[in-house]
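The following block contains the structure, expressed as structure tokens.
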Amino acid sequence: MEALKKIAGVTAAQYVTDGMTIGLGTGSTAYYFVEEIGRRIKEEGLQVVGVTTSSVTTKQAEGLGIPLTSIDDIDCIDLTVDGADEVDKAFNGIKGGGAALLMEKIVATPTKEYIWVVDESKLVDHLGAFKLPVEVVQYGADRLFRVFERAGYKPSFRMKGDKRLITDMQNFIIDLNLGCIENPCEFGRLLDQTVGVVEHGLFNGMVDKVIVAGQAGVTVLEANQST
């Protein structure tokens, strides 16, 4: 599985050219993309500036010598490469298994070309088998948990050891065990309107390409070619 993730990440790095501002994703597959960008800077003299999606990726990029800038200092990003936990046939996805969904969506939004790198196990007919992360402010989080519970969403707080995980943005994550999300766009809008929810892990209609690594090789799926 790690070999497939590496293939996907390295393949995505081929889309990066000199002069680009690039979004550096978070997670086990995006890790290999960031590593390959670091290698190209060192060995090929690649000239890029990165914008990171988590403190983990920031540390990785700094260690590789990738020049970084703040999302606040730019207006657009040429290319962002990130992982995904699930991708359906309509190119909707669930992200946030690494607890970086808020920063990931902030970086994805001003991106001209948004690419996901996944192994073939992440392709699904319907989203929801992977728990849906919902980032919530700490104030009122327990009340919101009960709201989700009453709605039948089977919520659980994301934990780190015996304490609730706190994101880079100082929020909690409530994971929803939905089983199947029949209408991701509608459910995303519902969460958007829920007071106390900062962001959720439904990335609907955002991705342009999905690079899929499988036993038979690498496939590049284009969102604008989907039916």
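From the backbone N, Cα and C atoms, a Cβ is placed for every residue, glycine too.
Take a look at what Swiss-Prot says about it:
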| type | residues | note |
| --- | --- | --- |
| BINDING | T26, G27, S28, T29, D82, G83, A84, D85, K95, G96, G97, G98, K122 | substrate binding site |
| ACT_SITE | E104 | active site, proton acceptor |
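Could you place these features in context, so I can see how deep they sit and what lies close by?
Residue density at T26 (substrate binding site): 29 other Cβ atoms are found within 10 A of its Cβ, drawing on all protein chains shown.
Proximity of E104 (active site, proton acceptor) to non-local residues of its own chain (separation of 6 or more, Cβ distance below 8 Å) is seen for G25, T26, T53, S54, D82, K95, G96, F203, given in sequence order. Secondary structure from DSSP puts E104 (active site, proton acceptor) in a helix.
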Please list residues from the chain of S28 (substrate binding site) whose Cβ is under 8 angstroms from its Cβ, counting only those at least six apart in sequence.
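Same-chain residues close to S28 (substrate binding site) (Cβ under 8 Å, separated by 6 or more) are E2, K5, G83, G98.
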